[in-house]
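Trainee: Pulled these from Swiss-Prot:
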- 45-53, 204-210, 246-249: GTP binding site (BINDING)
- 788-812: coiled coil (COILED)
- 507-522: compositional bias 'Basic and acidic residues' (COMPBIAS)
- 523-545: compositional bias 'Polar residues' (COMPBIAS)
- 548-567: compositional bias 'Basic and acidic residues' (COMPBIAS)
- 641-652: compositional bias 'Basic and acidic residues' (COMPBIAS)
- 833-849: compositional bias 'Polar residues' (COMPBIAS)
- 35-303: domain 'Dynamin-type G' (DOMAIN)
- M1: N-acetylmethionine (MOD_RES)
- 143-146: region 'G3 motif' (REGION)
- 204-207: region 'G4 motif' (REGION)
- 507-577: region 'Disordered' (REGION)
- 632-657: region 'Disordered' (REGION)
- 828-920: region 'Disordered' (REGION)
Amino acid sequence: MEAIDELSQLSDSMRQAASLLADEDPDETSSSRRPATSLNVVALGNVGAGKSAVLNSLIGHPVLPTGENGATRAPIIIDLSREESLSSKAIILQIDNKNQQVSASALRHSLQDRLSKGASGRGRDEIYLKLRTSTAPPLKLIDLPGLDQRIVDDSMIGEHAQHNDAILLVVVPASQASEISSSRALKIAKEYDPESTRTVGIISKIDQAAENPKSLAAVQALLSNQGPPKTTDIPWVALIGQSVSIASAQSGGSENSLETAWRAESESLKSILTGAPQSKLGRIALVDTLASQIRSRMKLRLPNILTGLQGKSQIVQDELARLGEQLVSSAEGTRAIALELCREFEDKFLLHLAGGEGSGWKVVASFEGNFPNRIKKLPLDRHFDLNNVKRIVLEADGYQPYLISPEKGLRSLIKTVLELAKDPARLCVDEVHRVLVDIVSASANATPGLGRYPPFKREVVAIASAALDGFKNEAKKMVVALVDMERAFVPPQHFIRLVQRRMERQRREEELKGRSSKKGQDAEQSLLNRATSPQPDGPSSTGGSLKSLRDKLMPQDKDKDKEKETPEVSGLKTAGPEGEITAGYLMKKSAKTNGWSRRWFVLNEKTGKLGYTKKQEERNFRGTVTLEECSIEEISDDEGEKSKSSKDKKSNGPDSKGPGLVFKITCRVPYKTVLKAHNALVLKAESMVDKNEWINKLQKVIQARGGQVGSASMRQSLSEGSLDKMVRKPVDPEEELRWMSQEVRGYVEAVLNSLAANVPKAVVLCQVEKSKEDMLNQLYSSISAIGNERIESLIQEDQNVKRRRDRYQKQSSLLSKLTRQLSIHDNRAAAASSWSDNSGTESSPRTNGGSSGEDWMNAFNAAASGPDSLKRYGSGGHSRRYSDPAQNGEDSSGSGGSSRRTTPNRLPPAPPQSGSSYRY
């Protein structure tokens, strides 16, 4: 009975869980309306099989009419509930939530009268009774009319038997046990429960078949699981069926009359069925069998229900998190909620801004795309046109004529051009401001708490937008100040370098002029020496001796003359379909050691890049130079060698340095590097031919990509005659002014590049970082300045939201309770089932294998032989053929079973103490 009580609690929990999973109101009144079929017991049998007597035995009171005049003519449903405080004789009838104490005889006569009145008609109205006693298990008993009556059809049976959890009680009288295979009740049970997982067989009226050996043999075969194949998977229980009536008739006011009757019933059954398992005899065995079947059915449903509850719990928690906490009905609570919502909004804002969600990537896109493009599109060509530069310089009030010192005009030009950078900077600030405003709107929409209070959401967006406007104004002031800073102060060193470079140009021109005149003098002296030297007439001539003496004294000059007479060949290699790739060795000056390293250089004219490797066989460049923003100029060997150590000079010798083999590659933008971290790349060719070819090709690439070439290298590429003409020309004022404008443009471009790098930093500082740090403070200060009435008007919760929150809170509480209860019941039910299966191995229909049809017929033949053969089924002459496997020393698990259901591999707890705990 205790097991039934636990199953009743489990059934109630499962009913509430089903209501929750069906999204019904978790209130007990509404969930109780959902029918629970796990504790339903449907009695199936023919007229006179003893169905009502068996149900009376379960109730503990003769409530249902029995006998010929009490045949069931309509379905009778008795909903039982157990109350231990009642006496064993008390019966409480519940009608419309009202309790009325009645007697068993009064209920029986009332039911008999109703059945008699309805016998004339063909009505199928059910009779429903709700009883509360201390003797009955909490089950719902359904007594159907006899299956052989005309009023019984498939729809009436299916209405109650089709539920997956309803227990089917197949009632067969002992006198018809030998004909069990043809029982209609068994066929119907097999139709609705093919695996017999919710079927219990009852053999009633054992006392009436005590004198029929054949019937007793068939009963013992069924109880010993040796019946026909269709009965071996059904647990069978034997009952007398009249124990309750006998106890009621013989009761003399004792509370133990029912227990006495049930013990008497068990003793009578033991004396009649001497070879049957004792665990299958009597009313107590019936209750245990019902509990086992109900537990098995519930165990199948529990995992799915628990899984559904876990998923439902997650859904409920997500909804509660989305709906938020309940609003506190006070001024302080309302203000606290407002500040907490500001905190939630700020978290979402930072997530969108710093985490890259939403439109955060547009800030970086503005810095890397739109703003640099606007800087590059500034009309520098128009401002640095020679005519415009000349006009500005002429209009400026310089200290000296502009050809000598046009400093003031050039300063004015620099300020005018840098003024153009203010508009792109302001546009960059406006773009970032629009992005931040979009992020504010997206963050407000993504904040769950603000969604519940639309007026407060609009207020938060307005406060945040006003704060962003202030940050935007500060950022505009900052970027304009950056531009004005560059405009206001042009370093004097820039103009000093202009003069220095002009003087350097003049010095180089003088050097080139001196070199050309020296070459002419050397050529004239060589011709004079050849003309004055005598021809060698013989070996003893004086001229010959003088020539030989000169050859001995000047062997090196002779070798040099031979080298001059032999034309040099370039060592560079070309490749590609159009010869666009040039490769060869160059000496690269190291910045660390100040020494020269021989490297393999490769120039790609299509890509405009110069790369080098340590060896010719290497495939990956150690460094590359982009020639687009570079300039090339020739430097003297003295400048290239001045950083060499004296040790290197001694090792190379006095004549190791070649004449004019060094040139330098630099970047037109002062703060940029050419190669790795170096601002200049100093190279030295192996010969003058290689140098000229390298310089010509590098100049070609640089000029094709908009670069500029140093003046020295340009003059070096000209012929000597044209160079002399250029040196002898007077200074061209326009050429000088053009050169100065180019220098000033280089400075302006460097400043613009610097602004392109620094303006985004100012924008990030004044707008992005400022909004990260001060957004919450702005919200807090603005909300704190609002009055209580204004805040309460802004934070008004929707009533629908409030009702939904209350509903989900109830569901959450009930879900946690049901999950805990069902988990405990699942473990207990599994443990109890495992213990029951282990302890009842001898009598369990699923542990013993089903007997064949031949064994079934032998049992009838032995019963028909006479009393001597029947003794073999008693306790003294127990037959080994039909005896229990445990008594034969056989392993019950090894017998050939038909459909054995294994129990879970879980260790059960210690079994409960049996004895007086079964009061009923």
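Glycine is no exception: its Cβ is also placed from the backbone N, Cα and C atoms.
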Trainee: Please average pLDDT over the region 'G4 motif' (204-207) for the predicted structure.
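Mentor: Result for the region 'G4 motif' (204-207): average pLDDT 85.
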Trainee: What is the total of other Cβ atoms whose distance to the Cβ of D207 (GTP binding site) is within 10 Å?
Mentor: 17
Trainee: Under DSSP, is G45 (GTP binding site) helix, strand or coil?
Mentor: coil
Trainee: Under 8 Å Cβ-Cβ from G45 (GTP binding site), six or more apart in the same chain: what's there?
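Mentor: Counting only residues 6 or more apart in sequence, the Cβ neighbours of G45 (GTP binding site) under 8 Å are K51, G146, L147, V170, V171, V172, A185.
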Trainee: For a quick check of packing: other C-beta atoms within 10 Å of the C-beta of A210 (GTP binding site), how many?
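Mentor: Other Cβ atoms found within 10 Å: 15.
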Trainee: With every protein chain in view, how many other Cβ atoms are within 10 Å of the Cβ of K51 (GTP binding site)?
Mentor: 32
Trainee: Would you count the other C-beta atoms found within 10 angstroms of the C-beta of S204 (GTP binding site) for me?
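Mentor: I count 27 other Cβ atoms within 10 Å of it.
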Trainee: What is the Cβ neighbour count of G48 (GTP binding site) at a 10 Å cut-off, with all protein chains included?
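Mentor: A 10 Å sphere around the Cβ of G48 (GTP binding site) contains 16 other Cβ atoms.
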Trainee: Counting each residue once, how many in the region 'G3 motif' (143-146) are helix, strand and coil under DSSP?
Mentor: 0 helix, 1 strand, 3 coil
